[in-house]
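Heads up: the structure comes next, in structure tokens.
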Amino acid sequence: MEKFVIFGNPVVHSKSPQMQNAGLNHINYNGVYEKHHLEDGSKIKETFLKNGYSGANITVPHKEVAFINADTVKGLAQKIKAVNTYKLVDGKIEAYNTDAPGFLKAIESFGEVKNVLLLGAGGTAKAIAIALQEKNIKVTVLNRSENNLKFFIENNIQAYTWAEFEPEIYDLVVNSTSAGLKDELLPAPKELLEPILKNASFAFDCIYGKITPFLALAKQNGCQIKDGEDMLLYQGVLAFELFTGHKSDNTVIEAMRKGLKGE
Ligand code: NDP
């Protein structure tokens, strides 16, 4: 039986095992997916190999160190410099970033998007910004501090702090900050956000399973809103395809969605 895993710290609340195991069961795959609390990210490669895993997902805070420890990095992950998926191929680790295409798949339901304001400059923002740039969708990053803005500027993506920012009109506003996750905060001051949302058509929050203050404000201002459930689902579906070599049809996707929601 093959073994798959999610590495994180903390990892106890991860919904990936229930989602991935639902997919594996659905296609009768001889494999199981488990959680692994990894304290020291620098041990990710030896832990992966020693435990005989065929594939892994990697979550906070290990995505950057997972990138450094991979034998080969595929696709957009080379630019993002962070990976959330490992696959064992001939004894070597191939690494991917499925958050980026997972995000693009999640916003497909909005229709055509041309100009995006991305709130936050953390690991998730990097994946989203590079994914949008690859699709030739204009993206501007707005963060509360200068932390990490250098990454975007080096990749020719406009990036600002609140103080120096002059808004344009955006079709889509994305919250990739953790404001709203465990608190009731907005990701930027209300007086800055509200006029932007009034002029926008869509708002997306990477946080899932709740209407955050950001999504509530966007809705009040006439935006179509969406939470991060589909992003989590599709990054998982893309990892599942890499793990199993099985192209997922709608029945697999829906089985994984039910697994994710614990249904
Ligand atoms: P990081 O810690 O890498 O980045 C957090 C970002 O949020 C930083 O830009 C930080 O700003 C900003 N921030 C934190 N608190 C506040 C606040 N109170 N007000 C304004 N800005 C704030 O986190 P990640 O990028 O890994 O994750 C971000 C969010 O995305 C989390 O909520 C996570 O749950 C969600 N997520 C969802 C996924 C999905 O599949 N749906 C996948 C991955 C993440 P600063 O730089 O100034 O510190």
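For all residues, glycine too, the Cβ spot is worked out from N, Cα and C.
Computed from a predicted structure; not experimentally measured.
According to TrEMBL, the protein carries these features:
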ACT_SITE  Lys63  active site, proton acceptor
BINDING   Ser14, Lys15, Ser16, Thr59, Asn84, Asp99, Tyr208, Gln235  shikimate binding site
BINDING   Cys206, Gly228  NADP(+) binding site
DOMAIN    6-85  domain 'Shikimate dehydrogenase substrate binding N-terminal'
DOMAIN    112-179  domain 'Quinate/shikimate 5-dehydrogenase/glutamyl-tRNA reductase'
DOMAIN    228-258  domain 'SDH C-terminal'
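Less than 6 Å separates the Cβ from ligand 1 in the case of none of the recorded positions Ser14, Lys15, Ser16, Thr59, Lys63, Asn84. The Cβ of Asp99 (shikimate binding site) has Asn84, Thr124, Ala127, Ile128, Met231, Gln235 as same-chain neighbours under 8 Å, each 6 or more residues away in sequence. According to DSSP, the domain 'Shikimate dehydrogenase substrate binding N-terminal' (6-85) comprises 32 helix, 17 strand, 31 coil. Proximity to Gly228 (NADP(+) binding site), defined by a C-alpha to C-alpha distance within 10 angstroms, is shown by the following binding-site residues from Ser14, Lys15, Ser16, Thr59, Tyr208: Tyr208. Of all the binding-site residues listed here (Ser14, Ser16, Asn84), the one with the fewest other CB atoms within 10 A of its own CB is Ser14. Here the domain 'SDH C-terminal' (228-258) has a mean pLDDT of 97 out of 100.
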